[in-house]
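For 100-123, 135-168, 188-214, 226-250, 282-305, 312-334, 346-366, 373-395, 429-455, the entry in TrEMBL reads transmembrane segment.
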Amino acid sequence: MTLTTPALPRTAPVPASRAPHPGFRWLVAVGWLAQVTLRVWAFWHARAPAAYPDEAGYLLAARWLAGRPGGDLSHLTFYQGGYPLLLSPVYLVTADPETVYRLVTGIGAITGATVFPLSVAILRRLDLAPSAAAAIAFAVASLPANLFFGAWALTDAILPAVVMAWLLALIRFADAGHSRSGSVASLAAAYAYAVHSRGIVILLIHAGVLLLLLVRGWTPRRVTTLAAAVMVAMWAGANRLNTLLLHALYPHGARDLSGVLSSRLTSTSGLLRTLSGACGQIWYLTTSTYGLAGLGLVAALVQVLSPRADRTLRLVAGAAVTVTVGIALASTAALPDEHRVGNHAYGRYLACVAVPLTLAAAAFLIRAGRRGLCAAALATAGVMAGTALAVVAYAGPRLHEDTFVGFDFPEIIYLTANRHSLDLLTAGLVAGAIGVCVVLLRAWPTCVAAVLLVVNGGFLVRTTGTFDRPANDRPAVTRDRGVEVSPSLGWGTVADLRYRVGWTTVEWLSPAGPRPGTCTVVTAWHAGATTAAWPDHPAGWKVTDREPGRWVAWHDTRCRHLVAGSRLARRWRGTAFQATPG
């Protein structure tokens, strides 16, 4: 049982039935444009961040990189510079928050759509016919894992495309040993490192692959050395960029998770927590792709263990499996317990590998024999059931007692129609039923693609706008003048203000009073009269806006040009909810 049959000799001509039609590139271009259009339509409702503080952190970093005011993100998770660097040109075009956010989601749409042509190229390398490759690639590129996060200013909007570019370039480099492919693979791996801490795993695996190629002599030594040099140069540049951001936006330091990581890796309870959380992530990855990513993981592992398999595919399959397991373990080990159900089963961190693993599954389904397919299907069912049991065994009643955040489970909510709790059994059964339909139709790739498109389309229709909250009032501020906030103000309100106020840096209110030039002060308000929120306010400061139990906005009556943020906010996406850090 292998992922694909051994590759044809490089000197052998491509069979006529497998050769693409001269207009195939135009078909791929039209498919990419359709993917962009689909995403723009789906994301059009998104006008402002809602996943605080993550989105605001990336947008503030992008604004600072564009030469505009940043903000103080001290003691929050460090938001790395690779993604903000991609977004920073937006702030050279406009400073309007709503326009900025629309352009950011546009970047996410274009990047997410790029997964389609990359998928076509990988499926063609796996020897699928052009028509089958295009149909399946289009359906797989529409998976919720590659679609949902494009509506947010999060690294997950671009990481699937980065991972796909890395794997495709790695395949071509190992195949032909061209310097261009090696450099592109190194650039992609190092950029992933610059974007998110998950990129550390990708960069380490990439370095290991280059070392293996060098030691075995599978690629020219000079070319492999060049690829390694590109990787090191990009790694150094990413470190420099992140150092600049850390000093500029985190003057009092970023959130330190080293203590959590140490305790998870040096204690029995910590190791059990790490293994259970990793199982939860693999369960989510498998279930959210209707069992296909799990099948792809099994097929890739079989490919690695098969001595007769294609050398390049063994190498890349091994890299994909190692990255998947590595990210699952590392992300679980480093995250603190936030008493959320998502701490036990979470899909966002492995969303970046969902597409390549699903492509591997599709290629395996089309080419495998009945006996091999049955064995792989049973193994996949075992992965899904085993990881679910591991989650239940460790978490137990916490799956019902901890906070269930819908943002953590978009695909699972769709599969179970349950927005209030995690139903592992129902999710597994529904996902398995969809997977069985795909397996039964494997002889007709177009039908497989059609089934996936229908299911993915249902997710899109049911989910679009679901995670927007009713708009809360937002503090009115004075345009082009200083804005200060009290240290006791909720972090969601502070993050929102720092995102909306782009003409200056939102400062902390000093006990000595507001600085000269400040016209708006927002203080926390929990109970009592509004004046109790700032009892020693200077003369001439009046309450202009409020939200009971949250905040009071004060305005210096000597200032003008008040921007009624609370009125504008009704057109914006609503209240913040906490996203998992990073």
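We number each residue from 1, going along the chain as drawn.
Placement of Cβ uses the backbone N, Cα and C atoms for every residue, glycine included.
Residues 60-61, 64-65, 70-76, 78-82, 84-85, 173, 179, 182-183, 185-187, 189-191, 193-194, 203, 206-207, 210, 214 of the same chain, all 6+ positions outside the transmembrane segment (226-250), place their C-beta atoms under 8 angstroms from a C-beta of that stretch.
Within the same chain, residues 128-129, 131-132, 135-136, 138-140, 142-143, 286-292, 295, 362, 365-366, 373, 377, 380-381, 384, 415-416 sit at least 6 positions outside the transmembrane segment (429-455) and bring their C-beta atoms closer than 8 Å to a C-beta of that stretch. Only pairs six or more apart in sequence are counted, and the transmembrane segment (373-395) with the transmembrane segment (282-305) gives three or more Cβ pairs under 8 Å, enough to call it a contact. Beyond the ends of the transmembrane segment (282-305), by six or more residues, the same chain brings 1-4, 143-145, 313-314, 317-318, 320-321, 324-325, 328, 345-347, 350-351, 353-354, 356-365, 368, 376-377, 379-381, 383-384, 387-388, 390-391, 411-412, 415, 424, 427-428, 431-432, 434-435, 438, 452, 455 to within a C-beta distance below 8 angstroms of the stretch.
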